[in-house]
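Chemist: Here TrEMBL flags 74, 117, 119, 120, 247 as Mg(2+) binding site.
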């Protein structure tokens, strides 16, 4: 008889189904027409009914199955009294069939931290830029992002009435990443993807110093990592505080699973243990390939103005 799947693979398989349920909630809130928008810290920091319902769904569903795992979500919300219609109990069979990388077979529930961004790209969601939106579930062990799920609820939404909406990308360190076609940016081209709604003098100074051929401004950290792994951009550069651990955990695991690299602007790797501060206050630098090329061109003035 086969041994039962390792805990990590069970968590990832559940997170996959939980993310698909989340995508359905995101689409349903949008089609119902009442987004229930609340400003948190200001007009660029929004929360919608989708953020709230999705976070409750993800956190409650995973907590029910894995009660000793630490789950940290973006929104300050209660996790008790979550209605049954928000609970997703399923899992992806295909993921359970894959062998767990040897270094992770002995992990216990209490050693895992799950970082949840229920709706990454909320501002874009409210503005109808639906392809920017992702649902992020990142899984950390020993302070490192080791597995992640990125769901794009509106993938394909411009492909016509009969198109299948949405996709789920997932990955585990030491195994690879799945659900998309890995591609590298055109050789010799320096295409930088950066923030759309959180620009600043520092953000722009940093980009100018890289002398890019092209700059893409889009919402969402999940979306930006997808630009890297699908070869649409060669570097994701954000010289500013603002993004948080739940923005980077799932994307980091997927990027690292395919040989990419993500750090802060100063080259420090991110830590994801449950005690860590939530803000990535020294920004983000990520590439699928050629990390050193971009890292070496970040001006010292920019590095010095960002304190980890």
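Each residue's number is its place along the chain shown, starting with 1.
Placed from the backbone N, Cα and C atoms, the Cβ positions cover glycine too.
Mind running through what each feature is packed against?
Modeler: Under 8 Å, Cβ to Cβ, and six or more positions away along its own chain, residue 74 (Mg(2+) binding site) finds 51, 55, 116, 117, 118, 244, 246.
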Chemist: Residues other than 74, 117, 119, 120, 247 within 8 Å, Cβ to Cβ centroid, of the Mg(2+) site?
Modeler: 51, 116, 118, 121, 122, 134, 135, 136, 220, 221, 222, 244, 246
Chemist: So among the binding-site residues 117, 120, 247, who's got the most Cβ atoms within 10 Å?
Modeler: 117
Chemist: Within 10 Å of the Cβ of residue 119 (Mg(2+) binding site), how many other Cβ atoms can you find? Include all protein chains, please.
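Modeler: The answer is 30.
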